[in-house]
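The transmembrane segment feature in Swiss-Prot is assigned to 20-40, 90-110, 120-140, 143-163, 177-197, 207-227, 319-341, 365-385, 434-454, 461-481, 489-509, 515-535; the stated evidence is sequence analysis. Among the features that Swiss-Prot reports, N-linked glycosylation site is placed at ASN55. Per Swiss-Prot, the feature phosphoserine maps to SER274, SER278, SER297. Here Swiss-Prot flags 395-415 as region 'Disordered'. Sequence annotations record features per position, and here Swiss-Prot assigns compositional bias 'Basic and acidic residues' to 402-415.
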Amino acid sequence: MAPTLATAHRRRWWMACTAVLENLLFSAVLLGWGSLLIMLKSEGFYSYLCTKPENVTNSTVGGSAEPEPEELSLVNGWLSCKAQDEILNLAFTVGSFLLSAITLPLGIIMDKYGPRKLRLLGSACFAVSCLLIAYGASNPDSLSVLIFIALALNGFGGMCMTFTSLTLPNMFGDLRSTFIALMIGSYASSAVTFPGIKLIYDAGASFIGILVVWAGCSGLVFFNCFFNWPLEPFPGPEDMDYSVKIKFSWLGFDHKITGKQFYKQVTTVGRRLSVGSSMRTAKEQAALQEGHKLCLSTVDLEVKCQPDAAAAPSFMHSVFSPLLVLSLVTMCVTQLRLIFYMGAMNSILEFLVRGDQKTVALYTSIFGALQLLCLLTAPVIGYIMDWKLKECEDTSEEPEEKEGTQGEKKQKRDRQIQKVTNAMRAFAFTNVLLVGFGVTCLIPNLPLQIFSFVLHTIVRGFIHSAVGGLYAAVYPSTQFGSLTGLQSLVSALFALLQQPLYLAMMGPLGGDPLWVNVGLLAMSMLGFCLPLYLICYRRQLERQLQQKREDSKLFLKINGSSNREAFV
């Protein structure tokens, strides 16, 4: 039942559009935890932990019993208290941490087995999580513990759908970074899903009914994946052209090859047949000049015409590359800055308004609504990553021979250098916005915090899109999931520092976030290390390209032709 890669390529626009919608409704919905928390309290989850003393109503007149009504309150007829808040937040902490920690094995599995099975599993887990929450709401006094399992499944299923959607942009060629940014933007904007559901809930809809319908919609995701997603992983645009698919039984081997593999192998056969018998003794020298082994038969053609090992670095080589290490530093610093603000936002607003809960609720709602900006702003960074790639040439392929006019025409940009240049601009721009966000956080002005909300939302969409675009541009497509999972795991572990920072702000600093924000602003300067390294890396690539062109000119001058293979 699974379609082929060629069929999936024809359906790529349908798959991309539905993936954006599915990410918006089913991926990182746990980021809207504040709205879900209110609904869980209204349904009585862990309300049994709140015990109302018998003498509360009789002693509220006395001064000694005044704190009691502040600790116990009624939400939709259910008791709410501090113990309930703590246990529900513990459930959220467990679910969100498992969500981040599982990204690395999830990426490795996806790179090995492809996205189809993981997406089917993720949609099923999300549906089960909705049904578990609904079942727990039917009898919260006995089934509240199900919220732990439900949130873990919710986060796991959402991350499965997010990760698998990041492979779809491989089918869009030079627009790959733009589509990666669109997928990440829809993932980041999914924080508005629970606030939207809360509006339906406040309008009078049944909480259990909403969750059952939501689980049914997740079932539609399952069937969409079942009928449209192929078994094979999506290769990168540099690895395959989906428009060519031929069975080469007449060449002596029966497997199917596509795209550049087709071009490489047929071109090699043509060159082999065009070489005279006097040239055959020098075949090894010709192979060295060409940069890959010359195949002498259909058996050699099938076995030996493989990409050079240097062209596809190993996973460990990619992990210890300076580019990945600096991207991890940038991501860790940015994640800590963003997550601390999300966790401490209510406390920061309370400090600014001196405890006015209505104002805090208003600004919290504004912050939640602004999360949709991620869907609009994330593709901007993807467009920066894809800037002028269509005007570039791929130096990994042999240039076509141009007689007479080669020196007159302006040389095209090198694709790899343009990718590095675009990534440098994207990370520099993102870090400037991050520093600007840190500066606005230092100013104790309430209306200015709306501008901080906007910067926070933009940076959150930009940083994920920039990292995803960088990994897709620099590293092999078969390592994309593993490297993205490693980045998510490391940044999630580093982001755990937000808890001691929050305790320091609420304890010794008396709720004043000034010094914590100063420290985080200073740490944000580390984010400029990556664009500075990319500048040096670009210069290195430019020197290599210049040397290659000089060698090509020298060879042309000696032999009178740009075709090296004619002079073995």
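Cβ atoms are placed via backbone N, Cα and C, with glycine included.
What you see is a predicted model, and the numbers here were worked out from it, not measured in a lab.
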Of the listed stretches (20-40, 90-110, 120-140, 143-163, 434-454), which one yields the highest count of Cβ-Cβ distances below 8 Å with the transmembrane segment (461-481)?
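Looking at each of 20-40, 90-110, 120-140, 143-163, 434-454 in turn, the most contacts to the transmembrane segment (461-481) are made by 90-110.
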Please work out whether the transmembrane segment (365-385) lies in contact with the transmembrane segment (207-227), by counting C-beta pairs under 8 angstroms that are 6 or more apart in sequence and asking whether there are at least 3.
no
Please determine whether the transmembrane segment (515-535) and the transmembrane segment (434-454) are in contact (criterion: at least three Cβ-Cβ distances under 8 Å, sequence separation 6 or more).
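Output yes: the transmembrane segment (515-535) sits against the transmembrane segment (434-454).
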May I ask for the residues of the chain that lie six or more residues beyond the transmembrane segment (20-40) and have a Cβ under 8 Å from a Cβ within it?
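Answer is 75, 85, 88-89, 92, 95-96, 99, 123, 126, 147, 151, 154-155, 157-159, 161-162, 165, 182-183, 186-195, 197-198, 201, 207, 217-218, 221, 224, 364, 368, 371, 375.
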Please tell me whether the transmembrane segment (120-140) and the transmembrane segment (489-509) touch - that is, whether there are at least 3 C-beta pairs under 8 Å between them, with each pair 6 or more apart in sequence.
no
What parts of the chain pack near the transmembrane segment (434-454), using Cβ distances under 8 Å and only residues at least 6 beyond its ends?
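The answer is 334, 337, 341, 349, 352-353, 359, 363, 366-367, 370, 373, 463, 513-514, 517-518, 520-521, 524-525, 527.
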Give me the stretch from 90-110, 143-163, 207-227 with the greatest number of Cβ pairs under 8 Å to the transmembrane segment (489-509).
90-110
